[in-house]
Amino acid sequence: MNITKNIHEWLFSLMPATTASIVEMVLIAVVYLGIFAVAGLYLVLLERKVAAWFQLRLGPNRVGYQGLLQTMADALKLVSKELTGTIKADKFLYNLAPYFVIITALMAISLFPFTQEFQAFDINIGIFFLIAISSIGVIGILLAGWSSNNKFALIGAMRSGVQTISYELSVGLSLLTMVLMTGSLQLSQIVEVQKHGWLIVQGHIPAVIAFMIYMIAGTAETNRAPFDLVEAESELGAGFHTEYSGMKFAYFFLAEFINMFIIASIATTVFFGAYLSPFGITENIPLLGVFWFLIKTLAIIFLMMWFRWTFPRLRIDQLLVLEWKYLLPLNLMNLIIMALMVLLGLTIQF
Amino acid sequence: MEKIVFYILALIMIVSAIASVSSRKMLRSVIYLLFVLIGVAGIYFLIDYNFLAAVQLTVYAGGIIVLVIFSVLLVHHIEMELEMAQLSKKILTGISCLIGLGLFLFIIYTNDFKVVENSKTTSVEAIGRGLLSYDSGGFILPFEVISILLLAAMIGAIIIGKGDKLTKNDDTL
């Protein structure tokens, strides 16, 4: 973009190349941290509003206009809160755990193409990198559960591990199904292919099946209801973050919402053409890409919230049966059908 | 710039490798090991081999470490500490480590490494074609052997996991 180009040139004229590039990286990181915080806070607000709507309540409406500043106030409260912890916890791991969760979320967010040019890190293994990064996040949850020295936290962490390892397969395979059509793992390439129709249209039936599997598995990966066994309040208190308070709790809480944003963003990028407008109506205004990207992402996030406030929670055995006996075989079959379709040229392209 | 990044990575890896074997709490050792593995992934990124780096992250950091953590969660309590080794064992380990390190350094310093001029990123497509090609330089045979090995491992895991149940069902049939 023009602004970033100007800043880039200004920085390099001001200082030697090495320092300038480091400063540039730091600036980009700060910008992304900002996006991270704002997105996290407002997704929490959105969740509460949607929940209220589904339950015929008003939801937060006191702080700021229509309660828009509510989550800001909550965040300030959490920052100023005293950090309490148990004496018998493993302090080093206890303090380390939230950072695993939050850093992996932050790394994943840097990959998404918000517009053609607004993308921090366009690596050639894009989607694979996303899957790799998201598989590390679960370590934070396992550590948090174990180091708290609390049986509820431990059970929550174990469940989370089981759940994430199982559903990662489905996420990976359903994305692989779509990659068959693009022939590239790079996110910018994947968007490029979709200029001839979004992938969910190009791949029609198998693509829709892949999308449904992806949404189910994605919801499970973010540990949200109906798959929120990790923090099932009625059985486990607050699950793996029972012993966390103040800002450390907020890290877990924010990371959960950012993970939801990441899952929705991957879906937007892979299935719905990322920043591309429908039928190319605003193709000559590239800056509107952010708008389209966010609209699509928010629609998918709304779908996930809809799941949460509609379906009752699954039991742990039901959860595993769903993955290993239904989703995985279905996914493998879908992969083969998609491969045949691509081979025979049955995809729809405009 | 790249040199600095390399030295930072190397320092992290060495420090956490030593911490990993000297820590007396089991899960902490596992986490230090995780840092070493992530450091290796960082080195792969540094030499522009992105695919291998991502494989390292998924398989080692995301897969194996999670499994190790699982087994620690199942068998270990937070207040337990590992025993200190006997002095004779410590000395023996130290000597064998020094011999290994000496051999390693000797090979590194005597071998004449060539600097590759035209370094280029290996794409996923090239790796895929390499794996499935049956011309010279193709890896189709190892690929198939590995897939059979994995299948055998999976079937074995199911047999062990089902245990009694499987044989009982066989009897009723």
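Numbers here mean position along the shown chain, with the first residue as 1.
Glycine residues also receive a Cβ, built from the backbone N, Cα and C atoms like all the rest.
Noted in TrEMBL for the protein shown:
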TRANSMEM  A:20-45  transmembrane segment
TRANSMEM  A:92-113  transmembrane segment
TRANSMEM  A:125-146  transmembrane segment
TRANSMEM  A:167-185  transmembrane segment
TRANSMEM  A:197-217  transmembrane segment
TRANSMEM  A:249-275  transmembrane segment
TRANSMEM  A:287-307  transmembrane segment
TRANSMEM  A:328-348  transmembrane segment
Paired segments the transmembrane segment (A:197-217) and the transmembrane segment (A:125-146) in contact, 3+ CB pairs under 8 A: no
For the transmembrane segment (A:167-185): best-contacting stretch of A:20-45, A:92-113, A:125-146, A:287-307, A:328-348, by Cβ pairs under 8 Å: A:328-348
Long-range neighbours of the transmembrane segment (A:20-45), counting only residues six or more past its ends (CB under 8 A): 7-8, 11-12, 14, 60, 67-68, 70-72, 74-75, 105-106, 109-110, 120, 253-254, 257-258, 260-261, 301
